Amino acid sequence: MTVTASASEARTRPVQVWLLVWASALAIVLVTFLLQDSLPWAVNYPSSAVVPVADWVSALMGWIKSNLSWLTRSITAVLGVPLDFALNLLAKNFKFGHGADTVILPRLSWVGVCAAAYLAGHAVGGRKLGILVGGCFLYIALFGQWTSAMLTLALISIAVPFCIVTGLFAGIWAWRKPWAERLIVSPALDLMQTIPTFAYLIPMLLLFGNSPVSAMIATAIFATPPMVRATMLGLSRVPSEIDDFSEMAGCTARQKLWRVLLPSARPTLMVGVNQVIMLALNMVIIASMIGAGGLGYDVLLALRALKVGEAMEAGLAIVALAIALDRLSQAIAHNNAKGHVHQETNPVFWRRYPNLALAIAILVVTTLLGLFLPAFAAVPKAITFTTAPLWKAAVNWVTINFFDMIEAFRVALILNVLNPVRAFCEGFPWLGAVFLLGLAGYQLSGLRLAALVAVLTAFCAVTGLWEKTMATVYLCGISAFIACLIGIPIGLMASRSDRFEKIVTPVIDTLQVLPSFCFIIPVVMLFRVGDVTAMIATVAFAVVPAIRYTNHGIRQVPPALIEAAKVSGCTPRQTFFRVQLPLALPEIMLGVNQTILMALAMIIICAMVGTRDLGQEVFIALSKADSGRGIVAGLAIAFIGIVADRLFNAWTAKARARLG
Amino acid sequence: MTDRTEQVPSQSGKDDRPVKLACRNVWKLFGSNAANFIRERDGKASMAEIAAAGLVGAVRAVDLEIRQGEIFIIMGLSGSGKSTLVRCMSRLVEPTHGKVEFEGKDLLKISDAALIELRRHRMGMVFQNFALLPHLNVLENIAFPLSIQGQDRPTREARAREVIELVGLRGREQFYPRELSGGQQQRVGIARSLATKPEIWFLDEPFSALDPLIRREMQDELMRLQTMLHKTIVFITHDFDEAIRLADRIAIMKDGEVIQIGTPEELVVNPATDYVAEFTRDVDRAKVISARGLMRACDGSEHGGTVASDAKISSFSASIVAAGKPFAVVNGTGKPIGEVTPQAVIDLLAGIDRSGTSA
């Protein structure tokens, strides 16, 4: 009796203590803010004390560039060979010789590629998938995006195998050597996941120039982490009995890895491959800024010239490509997870692989036909459509008829929501932020987290980027907040109604595979450039995890607990609020965490529509090839992500521990 | 413990088959610095000492000898350390202390290469959840251990087909594991472990994941295979009925310790501890106790028949009660060594204890 009483006292007391601590901390920050005239250095970081990290980084990059050019050039040369081959095969033509005696071997015929896409879909997922995948390719052809799309596809097809092999080996290494995982691989993966896509481009641009090769390297680096994680996860999930079996069969270490563990982990590995493909597509689009070409470049050009119709067309082609690649690789992963089924073996190649054989035959025949019939070589102009005027007309119609409404909405949003929050954030004392975040870190996990959070926050101020950092935090924070406000209720509804879930799932699946670029296009048509556009695009991009995790969190509450609640006489309302919601909370918070990270990634890309934050800093650095400035700004963005991520994770871990 | 077991006429005592595998004071402790802890104490430690050092004792001071050709069952509830013990015997788990002798040679001292050789040719193992490779079909799964050894495809597939025939899976060669039922999957597991013609065969709860009916069928199948193959079998189970059905000898484990080793009859008649007695309480004694166990000296009355001394009571209970006369018990050479009365059999079947001596 006394024991329980004192235990509960001990449990309540720290809460009160923490309340007191937080109250006084907030008071201190408020005082700092009010005293900003006498303590200016505590609010705005003094420009005289800025540490010139950017200059150091620039110097380092300059040194690397001038001293290691032999290395970067040879890398370019080596990687250029397969890349050129893929580009020629899919998009350009093979040219041998010069001048008059140039021999031209044509690229693969579009008819053949569409047919092959249909057959690939048919082989892994039946006729329905075949029609979907083939249809996506046909769409790209008919809407006049063929060459650009094939450029993009060629880059992906070279980058992805590279990612898979690198990721596999890094994953194996991390799995074998726990110290490597703890000290090198995990921190590197965390950093890579939070560094914005833009920041990858700058060093690549500097080292490898403005070329498809540097775009491919940036893509390969960006898209590798999921493969590393999938490999580590897959290997650690192999049942211990299979591990034991391989030992008892007398496998050597190498036989065990390659013949037992990796094949057993194949379903998980294939999920990683799917993610690699989608990330590579996303990055290839963004890497158009450093010479990737393809669909992303079309969007970029159109956006710069504010040609919404063209941007929309290219954007839709990206969507078609994304859906085709995603569904195809998911079907393969799904087949792997289901396991193998025996079938009649046939020694004849074309009988054993009828789809593959047919696809090769069609490709060869149509490509050869293309030598004589131009309609097979390039999509004939006569059968292509363009929807650009249509989109333009639609936008014009909307702007003519609804201009006042949209404008009123936009201005109201800016004046009443965005500007006050922005002013609050940008005026927030840097010292206060370091202090409060450190305190939060201490409460949630301890001194180590507190130190990490405080140091990372201080970095943003010390490098002289405080105002831009807070501008990023403000836009990211508002967008993530609105995304949660929309996403969590949708997730809750989806979790309570199977019919609603059936409608929501394909929508968020599609939203998730779309490269971030695509979200900007329709919004910019209506709201033109500025913070509102950035916010809306970010909300649309970041809403997916909030929906998905909420739905999943509620649905994974064990049915036995719900039955127990019902038997104890809970009304459906009570069951929901007192059993399901509290149990799902950690999962929901994980979704919120993901939403924040995705919002951060998107906000940076929105620099293209004229925000004034760290993303713009990177964007400017990119156009000036100023590596130091870009990398430091990129690091600052990554640090915002890491701080948010670590605090949320610590909080979720605590909540999880409490739920047991 | 020993003095009580010796009162029972025992088959294990006069077993002169060579020892195939032996554990000598084998320990497996988890926790930091476990090896030093047990070495400093000369291979002796009590539960309390282990707990005080912050260690967990998964296997403690196990001594046992497994003889060639016997079915040796290690029985214990979950967490009793039986799985760890069998993994110590095959060095899947490195014991913290002690010796594991395979034909008298210390397994813990041989090189990795020698260990791989040993496992490739002389040991086989069957797993509770089958541990089949999902990406290989039945034929490839069974041929896998051979292919690891570098045998060429025709040789290993010929051998794989032989064992497929043996376990009755013909016609399923091209099927993948997920297309098979649990029982069929375990047949594949058994076939795979037999493909290398091992001398010692570890079965780690092989039938625990199967339905009761299939389990019984597989137990019969194992007995059928054993009459043909005469392997040395180490069989792990948590099911005492299964142990009694299959075992030549049973070792009962609790909290990492072996608390009794004996034939099923010895365990039933003379449980070493209350824990063992608890297990044996519901056992159908007529199926476990042999004629020798109920035998008394002949008092000259007329005999209604003869039974072998190792015949289980259940095998002649109906006929002895019908005959209403004692049966003579004969040894291997046909010489009478005593008799069993119908009354003794009826008492046993009815669960009446008239002797008043045993507990």
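Placement of Cβ uses the backbone N, Cα and C atoms for every residue, glycine included.
Residues or ranges marked as domain 'ABC transmembrane type-1' by TrEMBL: A:149-329 (among others).
The feature domain 'ABC transmembrane type-1' is assigned by TrEMBL to A:469-648 (among others).
The transmembrane segment annotation in TrEMBL covers A:70-91 (among others).
Residues 88-97, 129-134, 136-138, 141, 146, 150, 324, 327-328, 331, 355-356, 358-359, 362-367, 369-371, 376-379 of the same chain lie 6 or more positions beyond the ends of the transmembrane segment (A:103-123) yet place their CB under 8 Å from a CB of it. According to TrEMBL, the feature transmembrane segment maps to A:103-123 (among others).
Residues annotated as transmembrane segment in TrEMBL: A:129-146 (among others). Under 8 Å from some Cβ of the transmembrane segment (A:129-146) lie the Cβ atoms of residues 110, 113-115, 117-123, 295, 298, 313-314, 316-317, 320-321, 323-324, 327-328, 331, 378-379, 383-387, all in the same chain and six or more residues away from its ends.
The transmembrane segment annotation in TrEMBL covers A:153-175 (among others).
Same-chain neighbours of the transmembrane segment (A:195-223): 61, 64-65, 68, 72, 75-76, 79-80, 83, 87, 155-156, 158-160, 162-163, 166, 276-277, 279-280, 282-284, 286-293, 516, 600-601, 604-605, 607, 615, 618-619, 621-622, 625, 627, 630-631, 633-635, 637-638, counting only residues six or more beyond its ends whose CB sits under 8 Å from a CB of the stretch. According to TrEMBL, the feature transmembrane segment maps to A:195-223 (among others).
Taken from TrEMBL, the feature transmembrane segment applies to A:276-297 (among others). With a threshold of 8 Å between CB atoms, the same-chain residues lying at least 6 positions outside the transmembrane segment (A:276-297) that come near it are 145, 148-149, 151-152, 155-156, 159-160, 163-164, 167, 197-198, 200-201, 204-205, 209-212, 214-216, 218-220, 222-224, 226-227, 314, 317-318, 321-322, 325-326, 329, 513, 515-517, 605, 622.
Outside the transmembrane segment (A:356-378) by six or more residues, the chain places 106-113, 115-116, 119-120, 123, 146, 349-350 with a CB less than 8 A from a CB of the stretch. Here TrEMBL flags A:356-378 (among others) as transmembrane segment.
The transmembrane segment feature in TrEMBL is assigned to A:390-415 (among others).
Among residues of the same chain six or more beyond the transmembrane segment (A:472-494), those with a C-beta under 8 A of the stretch's C-beta atoms are 417-418, 421-422, 424-426, 500-501, 504-505, 531, 534-535, 538-539, 542-551, 553-554, 588, 591-592, 595-596, 599-600, 602-604, 606, 611, 613-615, 637, 640. Look at TrEMBL and you will find A:472-494 (among others) tagged as transmembrane segment.
Taken from TrEMBL, the feature transmembrane segment covers A:506-526 (among others). Long-range contacts of the transmembrane segment (A:506-526) within its own chain (CB-CB distance under 8 A, at least 6 residues past either end) are made by residues 197, 278, 281-282, 285-286, 296, 299, 303, 308, 311-312, 315, 318-319, 322-323, 326, 391, 395, 398-399, 406, 533, 536-538, 540-541, 543-544, 547-548, 601-602, 605-606, 608-609.
Among the features that TrEMBL reports, transmembrane segment is placed at A:588-610 (among others).
Annotation source TrEMBL lists transmembrane segment at A:630-648 (among others).
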